[in-house]
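In TrEMBL this protein carries:
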ACT_SITE  ASP54  active site, nucleophile
BINDING   TYR113  substrate binding site
DOMAIN    8-106  domain 'Pseudouridine synthase I TruA alpha/beta'
DOMAIN    146-248  domain 'Pseudouridine synthase I TruA alpha/beta'
Amino acid sequence: MPRYRLTIEYDGGPYLGWQMQGASFGKSVQGELVRAIGEFSGESVTVGGAGRTDAGVHATGQIAHVDLSRDWPNRVVRDATNRYLKDEAIAVVAAEKMPDDFDARFSAVRRHYLYRIIDRRPPLTLERQRAWWSPKALDVDRMREAARLLIGRHDFTTFRSTECQAKSPVRNLDRFDVFRTETGIECRLDARSFLHNQVRSMVGTLKLVGEGLWTADDLAEALAARDRKACGTVGPAHALYLTQVDYPAHWQPLPDTPER
């Protein structure tokens with residue numbers, strides 16, 4: 001039974017998140033992929049994802065896997081799935097045949113996130129569901145200095161949701177860069193895995209540093225408190241993007257099936 005790796009892009013706005021919640025709760029990205037692939041293939045399928053993004057969170061590089069009984073060419077899997085997603089804000093960018101023990105979630109070694117802030121006086125229009133608006137100018141240098149305190153292995157209890165189901169609050173944050181672009185501020189974070197609401201909680205608290213309401217020492221104390229009540233602000237979901245998922249080099253695609 002061939003296994004396919006799917007690279008997926010989506011606007012998270014219309015969905016309850018990645019994970020299927022049941023039809024009565026509303027649409028999910030995973031649920032729409034299951035429906036679309038099932039309709040084109042005529043099979044009952046299961047789709048596994050690398051990142052369980054929350055409601056409203058976008059993706060430009062989500063990875064998923066699916067098993068199909070027929071050996072389809074990669075292009076057919078991609079294009080046929082997209083045909084059944086034409087009314088959705090979801091697109092399969094690529095489909096690749098993989099070894100059958102590849103797992104989108106458990107084979108991953110690093111996940112990359114982008115959080116966008118636009119600090120300008122006028123309200124956002126075209127970007128209002130793509131970035132977090134700050135009417136106050138933020139001090140990026142102060143934010144960058146404070147962000148460095150979060151890099152490394154820490155107990156991130158302060159920065160995870162009280163509903164987080166992870167067994168341990170300890171995570172290793174490999175990267176937390178903050179820099180200004182032509183349009184605003186980008187925060188880029190990399191780690192093997194993140195806790196529920198961790199990125200939004202850290203960026204939201206970091207924004208307080210940029211506003212001058214917190215210092216880097218305040219952020220360090222919040223981290224050391226290991227108490228969710230010590231968290232500052234939680235940034236909105238619509239400014240967060242899952243941009244890339246990394247895998248070890250040995251996970252290489254298998255030869256494509258020739259088209260007839």
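Each residue, glycine too, has its Cβ placed from N, Cα and C.
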The residue listed as 'active site, nucleophile' versus TYR113 (substrate binding site) - Cα distance in angstrom: 13
Residues satisfying Cβ distance under 8 Å from the residue listed as 'active site, nucleophile', sequence separation of at least 6: GLY12, GLY17, HIS196, ASN197, ALA237
The domain 'Pseudouridine synthase I TruA alpha/beta' (8-106), counted residue by residue under DSSP: helix, strand, coil: 23 helix, 27 strand, 49 coil
For the domain 'Pseudouridine synthase I TruA alpha/beta' (146-248), residues assigned helix / strand / coil by DSSP: 37 helix, 29 strand, 37 coil
